[in-house]
C-alpha cells in the first residue's frame, strides 16, 4: 500500500519531503515506499507496532540512517529540534540542568533562561540531571530542543511510561510550545490509539503507511468529560485505524479486506 501524507491545504512548501523511502537491513525490510511531506505548523503523530519502523523513519529523517533507496529533501530554512526518548547519563559524573543545556554549541545564558522559563522549569536550573523525575527530564530535553528556535520539533515517544493525566499535561505543553515557536511537530507515539488531540494527521506505520487519518475529539464526548475531566478531554485524542489489510507476526502483509483491523504488536 502506498499512501502519500500529509495533505497541504495552504499551498505551502514542505520543510521536509520523504520520497519513496525504502530501508532494508540484511534482507529484512524496515521501511517500504514511504512518502511523507512535513509542512510548516503541521502536527503529525506516527503510531504503529513495536518493530514497525517508527524509529527507523525518525533516524532517516534526522540523517542518522541512510535509506536503501529513495530521497529525503530538506528546505533551506529547516531547523530541527529533537527530543529523544531517553538519554543515558553517567551517575559518576553529576551534571546540572544548566550545564547540560550549555553544552549545546553557541548557546547563551539568556537563551537557557528563556527556554527554562518557557517550560516552567526555572527552579530546576541547578538540579542534577541524574536526580530528575521522568516528567522533569522530558521538560529539560524539550528545553534543549527549542534552544535553536526550531521550525520543526521532532519527539520520539515523549509519553512513554506516563499515565493518562501526565500525557494530557505533556500534550498541552507541546501545544503551547508549538504555538510560541510557530513550528511544525512530528511525534512518535508508543500508543496505537491515544494521541495528541491537536494532531492534524495520524499515520500508522508498519513498514509502510498502513492508514492515515485524524483523531476523534474526546472533548465532544460528555461521558468522557465526566469521567476524565476537561484537561484530559481537551488534550488527548483517540485514533481509529482503518486498514484494508493485515500483517503477520513477522510484519508481512498477508491479505486485504474491506473492514478496519487492529495493528498487531510483533513483540507479543
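Note that Cβ sites are derived from N, Cα and C of the backbone, with glycine treated the same way.
Since the structure is predicted, the reported quantities are computational estimates derived from the model, not experimental observations.
Feature list (source: Swiss-Prot):
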- 48, 49, 50, 51, 52, 53, 54, 55: ATP binding site (BINDING)
- 16-231: domain 'ABC transporter' (DOMAIN)
(request) Mind giving me a neighbour count for residue 49 (ATP binding site)? Other Cβ atoms within 10 Å of its Cβ, every protein chain shown. (result) 24
(message) Through the lens of DSSP with three states only, how would you label residue 54 (ATP binding site)?
(response) helix
(message) I'd like the Cβ neighbour count for residue 52 (ATP binding site), meaning other Cβ atoms within 10 Å of its Cβ, all protein chains included.
(response) 25
(request) Mind giving me a neighbour count for residue 55 (ATP binding site)? Other Cβ atoms within 10 Å of its Cβ, every protein chain shown. (result) 17
(message) Let me check the 10 A CB neighbour count of residue 53 (ATP binding site). How many other CB atoms are there?
(response) 24
(message) Let me make sure I understand the structure: which of the binding-site residues listed (48, 51) has the fewest other Cβ atoms within 10 A of its Cβ?
(response) 51
